[in-house]
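K.L.:
Once you've had a glance at the structure underneath, I'll fire off some questions.
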Amino acid sequence: MEPQDPVKREGRLTPVIVLATLIAAFGSSFQYGYNVATINSPSEFMKDFYNYTYYDRVGEYMNEFYLTLLWSVTVSMFPFGGFLGSLMVGPLVNNLGRKGTLLFNNIFSIVPALLMGFSDLAKSFEMIIVARVLVGICAGLSSNVVPMYLGELAPKNWRGALGVVPQLFITIGILVAQIFGLRSLLANEEGWPILLGLTGIPAVLQLLFLPFFPESPRYLLIQKKDEEAAKRALRRLRGWHDVDAEIEEILEEDRAEKAAGFISVLKLFKMRSLRWQVISIIVLMAGQQLSGVNAIYYYADQIYLSAGVKEDDVQYVTAGTGAVNVLITVCAIFVVELMGRRFLLLLGFSVCFTACCVLTGALAMQDVISWMPYVSIACVISYVIGHALGPSPIPALLVTEIFLQSSRPAAYMVAGTVHWLSNFTVGLVFPFIQVGLGAYSFVIFAVICFLTTVYIFLIIPETKSKTFIEINQIFIKMNKVPGVHPEKEELKEFPPSTARQ
């Protein structure tokens with residue numbers, strides 16, 4: 001009898017996959033969202049703390065410029081730390097593994113939680129600034145490693161849904177920070193150190209529970225060359241014993257890029273066979289951050305006030321906007337495998353483009369037409385919905401899908417660097433743009449949304465329900481690499497003698 005091919009099955013959601021996803025996302029992605037929003041509500045109390053601490057040391061209060069500068073540094077240290085964390089992704093995931101990196105990353109959450117929690121007792125605002133760098137590093141690592149880890153755990157028919165879960169927990173983190181940051185809870189003179197210090201709790205829980213779950217089978221098989229460990233991991237993840245078909249698929253990926261070996265960031269940019277993949281992640285990550293999402297939130301309070309919302313009630317409306325963000329991200333989990341990644345990106349950026357255009361007109365005319373502030377509120381909510389559907393969750397998922405194992409860590413380093421530098425740039429530049437252009441500042445974001453939509457329409461293929469090899473073959477045709485067999489797509493860059501080995 002001829003040997004039969006291994007039986008391929010549709011993957012399913014097992015308790016192991018669900019729990020590993022929830023623990024990784026809560027322990028890591030949640031903190032990213034929490035620390036994005038946690039210093040917004042208590043900012044005035046924290047500035048007072050900075051001032052009183054300075055007075056206790058030198059006998060006089062800070063001038064307005066120095067206080068503003070110190071606060072700007074405090075805020076900007078988070079994206080700066082995120083940038084540093086992105087640079088650490090490649091070395092850590094290659095040496096410690098995906099799960100190992102997430103466990104190591106908890107250091108960058110627990111230590112700053114203690115620093116921020118005890119900063120008031122220690123009378124040191126420097127502890128807060130250092131802590132913001134450290135939680136930024138935590139966010140920079142988690143925003144790249146969690147999607148990579150979950151993407152490599154998931155069966156292909158669930159990869160999209162699980163790939164959106166990290167973004168869901170980011171939005172939940174933002175919402176929880178907004179709720180805890182209500183003035184009646186922790187955004188007050190006594191409560192703000194507790195509000196900042198709570199970020200360490202998810203890290204402690206992840207440190208306790210994640211060790212009981214499998215490492216990425218792809219990492220174990222391709223990089224550690226441990227087939228038995230990979231089989232054990234797959235059996236736990238899939239819930240059945242016969243995993244030979246999936247092992248063979250992973251080995252096929254390994255053979256397809258064996259000659260490539262370790263791919264650095266520099267090598268990533270030089271490889272012709274990865275040209276459109278690299279350009280795509282740069283465009284998507286830059287488009288995600290430069291599309292105006294942070295500016296919308298920055299402007300939201302002013303828009304709510306202009307519509308007649310009382311100043312004390314703005315915090316509740318802001319939390320309501322955060323709840324909408326969570327709800328739509330939950331919807332994205334259920335529709336990403338039905339509608340596909342490409343459709344959600346096109347829909348999301350198109351909604352953001354339309355919202356920015358209408359918001360520009362509404363802000364320009366709100367002093368002339370009485371009901372225009374309500375149009376502005378509708379635009380803010382529409383923008384949040386559009387961004388939560390595609391631009392927020394999908395780019396990180398696509399980085400996992402359009403790169404193979406050897407190039408994935410370097411790709412995440414590039415994606416993370418673009419993400420955090422773009423985030424930092426918007427935070428630094430937007431206040432000046434807003435002063436100079438006023439309502440018309442959103443025209444810039446509308447243009448970026450439009451250009452990103454055009455790029456997605458022309459270049460980005462649909463990746464749902466495809467294996468990593470199948471997706472890579474699509475890009476091989478786009479990159480027009482001559483004479484490369486579909487299973488040797490990344491070998492064009494190497495001498496023939498090497499490729500034949």
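The backbone N, Cα and C atoms fix where each Cβ goes, glycine too.
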K.L.:
Checking Swiss-Prot: are L92 and P409 on the same side of the membrane?
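P.N.:
According to Swiss-Prot, P409 sits on the same side as L92.
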K.L.:
Is the transmembrane segment (343-363) packed against any residues at least 6 beyond its ends, judged by a Cβ distance under 8 Å, and which are they?
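P.N.:
For the transmembrane segment (343-363), the list is 284, 287, 291-293, 303, 332, 335-336, 372-373, 375-376, 379-380, 382-383, 385-392, 394, 438-440, 442-443, 445-446, 449-450, 452-453, 456-457, 460, 462.
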K.L.:
Would you call the transmembrane segment (314-334) and the transmembrane segment (162-182) in contact, using three or more Cβ pairs under 8 Å, pairs 6 or more apart in sequence?
P.N.:
yes
K.L.:
Give the one range among 19-39, 162-182, 278-298, 372-394, 413-433 whose Cβ atoms make the most pairs under 8 Å with those of the transmembrane segment (193-213).
P.N.:
19-39
K.L.:
Please list, for the topological domain 'Extracellular' (299-313), how many residues fall into helix, strand and coil according to DSSP.
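P.N.:
Taking each residue of the topological domain 'Extracellular' (299-313) in turn, the totals are 11 helix, 0 strand, 4 coil.
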K.L.:
Grab the same-chain neighbours of the topological domain 'Cytoplasmic' (92-98) for me: Cβ-Cβ under 8 Å, and only residues 6 or more beyond its ends, written as numbers and ranges.
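P.N.:
Residues 104, 141, 145, 148-149, 152, 215-216, 219-220, 223-224, 262, 409, 412.
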K.L.:
If we skip the immediate neighbours and take only residues 6+ beyond the ends of the topological domain 'Extracellular' (40-68), which ones have a Cβ under 8 Å from one of its Cβ atoms?
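P.N.:
Apart from its flanks, the topological domain 'Extracellular' (40-68) reaches 74, 119-120, 123-125, 128, 177-178, 181-183, 186-189, 191-192, 195-196, 315.
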K.L.:
Counting across all protein chains present, how many other Cβ atoms fall within 10 Å of the Cβ of N51 (N-linked glycosylation site)?
P.N.:
17
K.L.:
What does DSSP give as the helix, strand and coil breakdown of the topological domain 'Cytoplasmic' (92-98)?
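P.N.:
In the topological domain 'Cytoplasmic' (92-98), the DSSP-based counts are 6 helix, 0 strand, 1 coil.
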